[in-house]
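Asks: Swiss-Prot lists 15, 18, 37, 40 with the feature Zn(2+) binding site, giving sequence analysis as the kind of evidence. According to Swiss-Prot, the ATP binding site annotation covers 122, 123, 124, 125, 126, 127, 128, 129, on the basis of sequence analysis. Among the features that Swiss-Prot reports, domain 'ClpX-type ZB' is placed at 3-56, with the record citing sequence analysis.
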């Protein structure tokens, strides 16, 4: 029944799907003899989105209009500011990878190898965001793994096959989808071996993990326990072929510039050699000259470097880039805070001087773009705490004094004269 009589003979309308009355929901939409509430509509939309996303993984990889490198780059531009060369390298590498997957079934004498990617750049330069954006664009399963938590199988900690288990969880244990996903391994530089000579002692979280990752990255049948289970000998495992999973490894590689400079300066000796002091060279400029031998000297094993043929370096973000990151991307932080304040029916204005102060603070902290949110959150904490209880506030203005901790936000009230707070 879509309608019932109330105790006071008022005709109450009910949702035909969940049975809630018109007083229990925000909106009740009528059809021929049926009603549906806003909550059921939201639930239906969620179900449709989930099913479309699942179907889209196969569709996205089999249809002829796979995004071109230029289109991939344009979408990356909407979310990631700067790092132009890295975006170009990634766009080409990802396009070639999924183009290769589309032609796997075709018989051909030439077998195309997989090109995994290594991202090198300082903290907060956009490595993780680039990988996340690519996965969202291609609509494929995606997982982020932290290399510092990994240990060799048999030791306390996560073994490398846990990465594949997380990937399976992200696509509801559908093996075919997982086998075409993207894995981002962060902090890969933290598992470098302690010296560039092969170790004779057991290094369970360094060279040992690199050896374990090597098999996964180049392609192997990973044995993963069933949904929600833990590994034990007397159980059936899910077999996942990692051959077509795209692995993107990222790390800050602190100290790699010194290794590169030491190598390049050795070759720049004698008359006519270009002499440039270490201080004159930007770290990003130095990193662009990275060679496999530098990564080996840093502590990565040669076999793993060979499985990461595409190397993209990201530079340190300057003040201008950080200010752009605050306002320009689709999901920019300032846009997010505008939306939060709009929910309270209050306009938020963050002045250019305040944006500059946020950027400078992030540079001083050496946190890059990753530190921007915590700086803004700290500056806006008090006003976000008080605002729901305050009456008549129409606008909040943030200037550089608020960011630096020397002042409080300027509040404009609805009944205040127009000149209040202006200048």
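Just so you know, glycine gets a Cβ as well, placed from its N, Cα and C.
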Asks: Looking only at Cβ atoms, how many others are within 10 Å of the one on residue 126 (ATP binding site)?
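Replies: Step by step: centre on the Cβ of residue 126 (ATP binding site), count other Cβ atoms within 10 Å, giving 28.
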Asks: Quick check: which same-chain residues outside 122, 123, 124, 125, 126, 127, 128, 129 lie with their CB within 8 A of the centre of the ATP site CB atoms?
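Replies: Sorted by sequence, the hits are 121, 250, 314, 368, 369, 370.
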Asks: Tell me, what is the mean pLDDT of the domain 'ClpX-type ZB' (3-56)?
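Replies: Here the mean pLDDT over the domain 'ClpX-type ZB' (3-56) amounts to 77.
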Asks: Measuring Cα to Cα, tell me the gap between residue 18 (Zn(2+) binding site) and residue 124 (ATP binding site) in whole angstrom.
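Replies: That separation, Cα to Cα, works out to 46 Å.
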Asks: If you measure residue 125 (ATP binding site) to residue 40 (Zn(2+) binding site) at Cα, how many Å is it?
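Replies: So the Cα of residue 40 (Zn(2+) binding site) lies 42 Å away from that of residue 125 (ATP binding site).
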Asks: If I take the alpha carbons of residue 126 (ATP binding site) and residue 40 (Zn(2+) binding site), what is the distance between them in whole Å?
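Replies: The separation of the Cα atoms works out to 38 Å.
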Asks: Roughly how many Å separate the Cα of residue 15 (Zn(2+) binding site) from that of residue 129 (ATP binding site), to the nearest whole number?
Replies: 42
Asks: Just to verify: the residue among 123, 125 with the fewest other Cβ atoms within 10 Å, which of the binding-site residues is it?
Replies: 123
Asks: Out of the binding-site residues 124, 127, 129, give me the one sitting nearest to residue 40 (Zn(2+) binding site) by CA distance.
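Replies: Going through 124, 127, 129 one by one, the Cα closest to that of residue 40 (Zn(2+) binding site) is 129.
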Asks: Using only C-alpha positions, which one of 123, 127, 128, 129 is spatially nearest residue 37 (Zn(2+) binding site)? These are the binding-site residues in the record.
Replies: 129
Asks: Which residue, of the binding-site residues 15, 18, 40, 129, has its CB surrounded by the fewest other CB atoms within 10 A?
Replies: 18
